[in-house]
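First up is the structure itself, then whatever we jot down about it.
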């Protein structure tokens, strides 16, 4: 619709021209519309998170219209029958009112809650994709940090929202938070009084969490989402390895019209699925739990799934680790370790990993082509170890439900998980690394010898061979185009004049770490190896040499990697 | 066959093989799995009085005169309510040793259960079987029942009576399929790990309120499918399975090349 001398004639054209003459928006639109985006379903995982966040805002705005963030006690009259006439806080009463008496209120609440669960699930899945494909490497380390911060903010958003209705379950969660805060040495009790405005539960926490939940955290998330997307545009999108894809190009389709339609349509699919879930599947029926009162805790009291690892960590910790120091200081290691130290370790790993890998790799290049997870076995193994720990903790947080549903003893389950939390991640790492190395070997095998076809050919001299079909160029490129990093080489401990070098110890440590990463590795097939593979044996399938062209003429004869005999055969078989 | 042979190196071939293997294993298991024996206890037909029933079915553990033994408690003074609860829910006679007696289809019909209860009641005074009016949910107040359930029952039986875990393989069972009479009797007699809520702790009217609250739960949830009413864990599981399952499916569909 850009004008090159001719005035636009259509109505849309005129409107666009009007806008363009006043804002010069045309060049930006042109730039974005032509921006090329690579095609893969896993690149849409982040979009799920973004769209569920938008849905969270839309439904959240609706809910704020009816929610009363106050802990003042009222006697509630209204549906359901099980709550009629009970004493409760304004917050809980307004939640019941929204659910039962506001048209569409319960649907909005349920969509909001399902969207929150999906928001976190999509973030985690997106992070897994980024981690396992190495998309956090230079230049995207900072964006990984922004993303990890977004994940933590998502946890806080979820937790603060979960606590707002002031039902028994959310109050239990707040009580655990209170305990965790109090377990922090020295400042714990002061901090708890500061947060709750006095002794738990007080009258302040709901109004405070309301501000945090609807203003502070969504604002931060919005700002960081903007930064996150800005980085995506700035760095351009990563792409999966394949023919023609390099670190210097982006292979895909322009944003307009295909991706605009796909992404726009996907928003409505996400909204539709969330609306369907909200309409048909009950979630967080607060009237089942009843208004908060500090005394009752019901069976099956658990947080939403993304906080379940903390619950599990607390459930696994033996209670005996609490002791009283001189001067009457109680040190609650039984809470401090599982609720502060364990998540601290997990989050630190996420924040530090890109920089750790860069340090042990000493790789200063920019990477825009993604890694296949098998080609970086230790990273993939560490990712699986992390997930294993997270899943074991989440399962430990559900130990009572596992006990009732699988008819097991909760004590035994807890002990099994206590062992597994140490053994499981290690085992996950080890087996994943071995699988990756095995897959790499299989890739080498495939590149060198081609696909088995299952066709057995008998020669006149009685020899049987299986025919192998060589890989096409795309298949081969995918399997050979990566670099296997080698452990760091460090300079010697002393310089040429025999003086001890500063920083040698640090280098040595890095080298040890680097060996852990890259000691075991499978090198990609080199052109020379490929040539050698095709010329070994007395019956050459393909002539060897620097320049290999295996798709062309193929010969019939002995040798393990023989090509299809009835493929277009130029010359006679060479024997 | 030729088409099959040509595809045996297809990359989905192992998946198909695995599915076939699972199918065959499952089929063979279904065909040969031992079916539970359902032979009638031959002796029951010949016995008419509760005492004879007791001596034939219960005395091995509880002693010939219900005085108890090293493996089972004395039943003198437990009352008719306890017998009716244990026998009509099938918990007694006990199916097998385990962390706790499991409910199963009752072994005695109503008449025989009544005869057993009458026999045990004659040994010493104890709680009687409640009347229909005492357990009528229509007469109870579900709101008062909700408060009472929350403070007395929910810590083991879950907020809406979906059940929960206890230590060492014991558990508090779900209450939705339990009859109103049995709920009342359980509160009154405290079977197995359950504490006794006698009429001084929870009055008969309050017991009826609790029954009324549980009755409200039988209709499901205003929000839709209850997902077992198990709370955030089952919600999270379904969010991943249904939500992320559908969304990733849609993403794969959108990301697929049009061809």
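Cβ coordinates are placed from backbone N, Cα and C, and glycine is handled just like the others.
Per TrEMBL, the feature domain 'Cytochrome b/b6 N-terminal region profile' maps to A:15-241. Regional average pLDDT for the domain 'Cytochrome b/b6 N-terminal region profile' (A:15-241) in the model is 94.
Under the heading transmembrane segment, TrEMBL lists A:48-68 (among others).
Counting only same-chain residues 6+ beyond the ends of the transmembrane segment (A:111-132), those with a CB under 8 A from a CB of the stretch are 42, 45-46, 48-49, 52-53, 55-56, 59-60, 63, 144, 147-148, 150-151, 154-155, 157-158, 161, 270, 274-275, 277-278, 281, 283-284, 304-306, 350, 353, 373, 379-380, 383, 387. The transmembrane segment annotation in TrEMBL covers A:111-132 (among others).
Feature annotation from TrEMBL assigns transmembrane segment to A:144-164 (among others).
As annotated by TrEMBL, transmembrane segment applies to A:210-234 (among others).
Annotated domain 'Cytochrome b/b6 C-terminal region profile' per TrEMBL: A:242-438, in sequence order.
Here TrEMBL flags A:255-283 (among others) as transmembrane segment. Residues 32-37, 44, 47-48, 51-52, 54-55, 107-108, 110-115, 117-118 of the same chain lie 6 or more positions beyond the ends of the transmembrane segment (A:255-283) yet place their CB under 8 Å from a CB of it.
TrEMBL lists A:335-356 (among others) with the feature transmembrane segment. Sequence-distant contacts of the transmembrane segment (A:335-356), counting only residues of its own chain at least 6 positions beyond either end whose CB sits under 8 Å from a CB of the stretch, comprise 127, 131, 136-137, 141, 144-145, 148, 151-152, 176, 179-180, 182-185, 309-310, 313-314, 316-317, 321-322, 382, 386, 389-390, 393, 513.
Annotated transmembrane segment per TrEMBL: A:376-395 (among others), in sequence order. Counting residues 6+ beyond its ends, the transmembrane segment (A:376-395) has Cβ neighbours under 8 Å at 128, 131-132, 134, 305, 308-310, 312-313, 316, 342, 346, 349-350, 353, 357, 402, 417, 420-421, 424-430, 432-433, 436-437, 440, 516-518, 520-521 in the same chain.
According to TrEMBL, the transmembrane segment annotation covers A:415-432 (among others).
Among the features that TrEMBL reports, region 'Disordered' is placed at A:543-575.
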